[in-house]
Amino acid sequence: MTRYGGMGRTRPKKLTSKASIPIIRETDIDIIEDEIQGLQQIETGVEKAEESVSLPTPVGSRDTRPQPIEIHLQAAINASARGKINDAHIPTPETVLSNLRYDELYPPVFSQPATYVRFSSTVEDCCGCPYNMTDEDDVFLKILNQKLGPSARCSEDDFEEVMYFFEETAQTHQPFAAVDSPPVLSYAEMEQSMDAAVEVSVKRFAKDVYDHWKSRRMTTGNRSLLPSLKFETGQDTDDTDPYVCFRRREVRQVRKTRGRDAQSAEKLRRLRKELEDARQLVAYVRQRELARKEMLNTEHQIYMQRSEVKEMKRKLAIKDDDEDLINQKPKKKPAEAPTVQRPSAPQLRMPPKLGAQGAEDLQLLEEVQAEKENEILLDIKQNIAKHIAWNEGYVDFTRAPLSPSPERTFEAAFRPAITTQLPTPPSSDTSEHRLDSVMDTKVPSFQDQLARTMEISEDTSRIPSFRRRVGRGGRLMIDRRNFASRRAEMDPIKADRYKYDDEDSDDEPLFDRSRYDIHIMQHRAIMAAKARDQAVAHAQAQVHAVQAQQRRFQVDHGTPNNGPPNMGHATGSNSGPGAAAVTTET
Amino acid sequence: MGVRDSHGEATGTPDPVEKGFATLNTIRIGVKAMVQKDGELRKAEILSIKQRKDGPAFYVHYVDFNKRLDEWVPASRIDLTQEVEWPQPEKPEKKKTGPGNKAPSKNPQKRARADSRDVSVTPDLLSGKNANIAKAQRPSKAGGKENRGDETPANLSFLGSADGTPKVESEDVDMVDASASEAKGAKEEDKTTGMMSREEELERLRTGGSMTQNPTEIHRVRNLNRLQMGKFEVEPWYFSPYPASFSDVDMVYIDEFCLSYFDNQRAFERHRAKCTLVHPPGNEIYRDDYISFFEVDGRRQRTWCRNLCLLSKLFLDHKTLYYDVDPFLFYCMCSRDETGCHLVGYFSKEKDSAEGYNLACILTLPQYQRRGYGRLLISFSYELSKREGKLGSPEKPLSDLGLLGYRQYWRETLVELLMEPGRESISENELAILTSMTEKDVHETLVVLNMLRYHKGNWVIVLTDAVVEEQKKRLEKEKVKGARKIDPARLQWKPPVFTASSRTWNW
């Protein structure tokens, strides 16, 4: 204790597990140093406790009274401490070679597989019948077999099966035989439990063996003949009985809280629901199978009746093929249409035409389509008429009237030369969803520009304008006004450059300076006219597309009123580009 | 139960020990007498007495010897020329048990307290609480006449104390049947400390999840006489709860592969004719030229694992079979030959150890002991921990043999690492990670070996000459004999994962 004992030395530093400790040989240090002695003393003290109990003791859980150490362990520890490992030996009772006929009992049947063994069968799977004959049984069986004669002898395996059957039956009938000691199960009771699962051999020898089994049971106080371990019986003595083993461990108690209660209630509810669902499912399956059975019955009935028909036909010498003896599934759908169109077609005379029916179907589809198309057109016309009727007696002041008369548009004296965007060429829209975007964006954008034309027209005196006149002799004249003469500033080549500029941007910053340049104006005018024509063509194309769409729709859905809401309007644009304006402006 | 002064006498606490001469007739359970053992006289406690044809036989436990050396001795080996120690009398003021309770002071019978051999000898930590169990009446001064009960069969003698007690009112001897008396005691008096702790013990066992010893420890006398297993005949060391009827037969037969047990040779031979098992019923996870390891799940192979536990209980004092085998995995080491894979030893491991144990019970079967198998088992358990990426330690308490085995393994493993060329310093943490040992085990091993020292203001690890010498010898020996080591490359194993539900106890 010299070092820690206040001899003026410093206390040793605390040793942490992460601290790196230098490794040295014993020769490198001064053995005489008293530090070592001191430490050694302390450590032997620690070890003493370890040797007895403290080393293996989990913290705080056990009795830690110092206990004397067993002599042999002490000796062994001391020996190993002195480095004499071989002396560290604790005597144990000896084992000797047995004189058992080992080779007979353990035949050399094991061949090691190349791969590691994988195995999941249980002991019960591997041991055959759990009952094993004893010497006593041997004697009995010998006598029995003498009695039975060589032809009907009971083999050892059969005997064990029988005994095991008795044991098992007794166990199920009298599970607490060891406790309440009821009388041994009678043979009659045994016989009762012989069901189909019991082997024939068992049944054959049961009667012969029963008495033997009974006498053996009697001698053991009606306890099981198979040696069995003692398990919990739920009695108080369980806890102290050293023979009671392998108890079931209680699940750790979980703290009871309101939340936990709710949780388990919820779990139960869910479980119940799931079970209910499963039950329902099974019920449905049952229902389905019943229905199936019903169907089969019906089919059978039908078949029988058909065969009767056939019989009858034969009797009556009606000659045709066996058409009415089989189900004609494909007939069902077409059967409707023909009956509508040719209601008089008699069933029995149909068969020769059967081959042509497919072609008829196609034709029919086209007819239906034509009919639907007509309906659509009719609808469109009706819509137009309706619009006209609505507007009767009213002056249309909307900026873009329903159907602007082309005369009036072109009668306008001077049209301001507005820079308009080059309209996008109509995209080839065939898909259904393109339809909406076409209606909502393309046409309106063109329409917008027209509207803008109107707006700015109040101010026409200031912006450059032009008009077209047809003069005498059919001369086409274009009058213009408010032109600033800035033509020098714009190089035609430069101007040309803008021609192919991208048309995506809505504003037109590029044209700012050259806006009223004559070339550009001309170009613009031409383009605008073209655009108008294109728009008209476009709109018409759209109408067609819409109609086609609708047709498709109707074919698909069967009803013409099922289309998207704006379809009714769109159909109105049939008459011209102005019609398209209606869709957006109103 | 009023007997709470149990511990200590044997440990040298100053309780006065009553001594006196005894005769064969007055000797009773609890008496300590000198008994011939291997040519010398040793103090031994009488644990059980039974009448044989050739006179009484005494089951004795030699003080300071391990229980496994307990044995039946004939009367001739007991030296009655020397005084014997009588069991500690019961403290009268504590003796209030029993319905028709007499005032303690009036009680003429001094209650003998079962003297705690177990306390004194085994490192059994629970033992102090169990003194009541083997309680026997101390003979009155008159001596002799209470002895007629001595014909008690061995396996009952420690239960049915009535036989060994003087004729007194039954309530005075009730404590032997622990549960009954406990119930009474609980009603009639405030709970004694001992009883409390007993209940605590039970509770702790229930909830603790560790395979520690059965607290009641009634099983102080071996119940099986001899064991036939494989090619060997083995002497059991400790009690194991095989069917009670097995204690009546001379030889119990154990099937080497399925570990089933038979008290009848004919039945055993019949069984062998049917049994097809040739290796432990699990997956092989390790194989080298010498041994194989099988992993067996206690839950899936309940019967086999129970059989294994029953068998190993015969050789493990600290093991308890109190609870079932479900929460454990069993790693079984086998040697192979043409008849199959013969179980050599095993260790069990909790599927989910709260305390971070990497091993619960470890056993090399006695017929294979002292051949280095234990070291392989220990080594394998650490190999599994390495694969898991965890540090581990064996569950405590260790038996004497277990302690020696582990110390040797720890010492050799650490010394080998420390002597690696070029290693100049290392921390305990690094050692722990390299070996999968816990830091605590590393530290304690270094301390025990006197290798960790404080030198000139710094901690150093000293490779002592003894240690170096030993290591050299070991290496030489390995050169000659070939080293038997676990080769991690041959381990085909992934740490098994268990869902919470599979770890619980639902059957």
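Here the Cβ of each residue, glycine as well, is placed from N, Cα and C on the backbone.
Within the set A:320-351, A:416-447, the record from TrEMBL flags A:320-351 under the feature region 'Disordered'. TrEMBL assigns the feature coiled coil to residues A:261-288, out of the candidate ranges A:65-92, A:93-120, A:261-288, A:289-316.
Through the fold, the coiled coil (A:261-288) approaches none of its own chain's residues that are at least 6 residues removed from its boundaries at a Cβ separation under 8 Å. Taking the domain 'Enhancer of polycomb-like N-terminal' (A:12-168) as a whole, pLDDT averages 75 in the prediction.
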